[in-house]
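Heads up, the thing below is written out as structure tokens.
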Amino acid sequence: MVFEEKMIASGEPDNVSDPLETVRQTCEAAEHCVHTRERLEQCETRVNSRSSTEEDCTEELFDFLHARDHCVSLPFPPWRKEI
């Protein structure tokens, strides 16, 4: 919240993007993240195609988030060249 207040006070443009979001989007394109996202999407499709099910995609979601956050935290990540 402090960051937004400083941006408003300094008069800089409102369309400033969050660097973390940029890095996360780049990491989502990495091979392992693509694989886990596909598994998540397959699960979502399967769950949404059923009228009643107890299945949810929590495990697949956590796998995807873990893979993406691991990529973001790497000391020499693939996104480093692009930023």
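Backbone N, Cα and C define each Cβ position, glycine as well.
The disulfide bond recorded by TrEMBL for C71 joins it to C27 [selected from C27, C43]. TrEMBL records a disulfide bond between C43 and C57, which is the match among C33, C57. C71 (disulfide bond): 21 other CB atoms within 10 A of its CB, across all protein chains. For C57 (disulfide bond), other Cβ atoms within 10 Å of its Cβ number 19.
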